[in-house]
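Database features (Swiss-Prot):
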type	residues	note
TRANSMEM	21-41	transmembrane segment
TRANSMEM	70-90	transmembrane segment
TRANSMEM	134-154	transmembrane segment
TRANSMEM	253-273	transmembrane segment
TRANSMEM	346-366	transmembrane segment
TRANSMEM	391-411	transmembrane segment
TRANSMEM	424-444	transmembrane segment
């Protein structure tokens, strides 16, 4: 008896949702670095001193720096590296935003029976909802830090209280994150006005990241939301500009735009355009089996080429992970990346350029690597993907508010004198913080994100032009 294959009920882009969930946890891991340093410093000091100290005077930091090569192991480094994760987030956004457009263009080239007005209405609806949803949720994420700041629970001078001096950028270990938060004002009215001004920063998307007023200070991670909104506008304009072009011409123009964006120092726009290129490639690959099946009247048979394609994509995925692992700090001390320096002698390539290239390779290949795709489509990854945006928005405030004291409290009981006790204390504290972030993210999604999404949908329906009967 021949059994019919069980159809896969998951959407074709389900792995994208799971990948987003895993990336949100990677960023959570990355932001633990300064928290661990302060927690260890508090429990390891015999007496409190506010005299200027170098962060390298902390034994844990000095030990990590002396063994820096262990923290530059390719692929393993991705577990706690924020920059590659952010680059992949941007590429995914460009990919998802372009999928519908690519499908429309392909369908239009095959048939003229297309309701153009309906298509443009769908595009407009997507832009309206996405922009408003991101903006409202970003502003909502600043309310809790605002309350913690005003009530005195959170103190932006915690690093100065440890007596740690500010070092050059590469040696700060993200300890300057506390300084990015605003000062506490005397009255609630002044603090509220300051919050409103920071909320308004969400819409100033054309400012540069180096400008002091770019990032909303009540939640510094929101700089990526502003960059996302700016790149979304650039991508939408490009969608309209290339509406009447052939696929080959589109790919050439997009590649040129991406290279130009990298040359002028842009991070997010080249990644959005690269996401569009990958959407074009993936869609063309999906159409090839269908075209072959129609031509022969038979379903396409699997051949050895499928296995070779999987092997090739696995190699590309591994290469992408390797490139994305390029160290941000002291890359010359990472012997496993000497190949990069040999390939570009005398040329200084910013680490984020390598991270961007790695992110593009990962997004291009992951879909066709069965093991990687199954991981992203697993129930755990899908759950994290459902809450990924909430995790990203709320984790930073929780980590820097509770993290240092929690690490020091746990280490004071488990001990911190040897590697075993240090690891046990880290595992306990990490588990507590991780569960707290997941619980808070679930609450945020249930009571803030979902109502905001419904409100935006309702607002668009009430504002849209209705068809006449």
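Any Cβ shown, glycine's included, is placed from N, Cα and C.
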The transmembrane segment (391-411) touching the transmembrane segment (253-273) per 3+ Cβ pairs under 8 Å rule: no
Test of understanding: applying the rule of at least three C-beta pairs under 8 Å (pairs 6 or more apart in sequence), is the transmembrane segment (21-41) touching the transmembrane segment (70-90)? yes
Same chain only, please: residues at least 6 beyond the ends of the transmembrane segment (134-154) with a C-beta under 8 Å from a C-beta of the stretch. Say none if there are none. 181-182, 184-185, 188, 191-192, 195, 198-199, 202-203, 216, 218-219, 222, 225, 228-229, 389, 393-394, 397, 400-401, 444, 448-449, 452, 455-456
Other than its close neighbours in sequence, what residues sit by the transmembrane segment (21-41), given a CB gap under 8 Å and a spacing of at least six beyond its ends? 55, 58, 60-61, 78-82, 85-86, 88-89, 158-159, 162, 164, 173-175, 177-178, 221, 375-376, 381-389, 391-392, 395-396, 399-400, 403-408, 411, 416, 426, 429-430, 433-434, 437
Spatial neighbours of the transmembrane segment (391-411) far in sequence, C-beta under 8 Å, 6+ residues away: 21, 24-25, 27-28, 31-32, 34-36, 38-40, 42-43, 137-138, 140-141, 144-145, 148, 153-154, 158, 177-178, 219-222, 384, 421-422, 425-426, 428-429, 432-433, 436-438, 440-441, 444
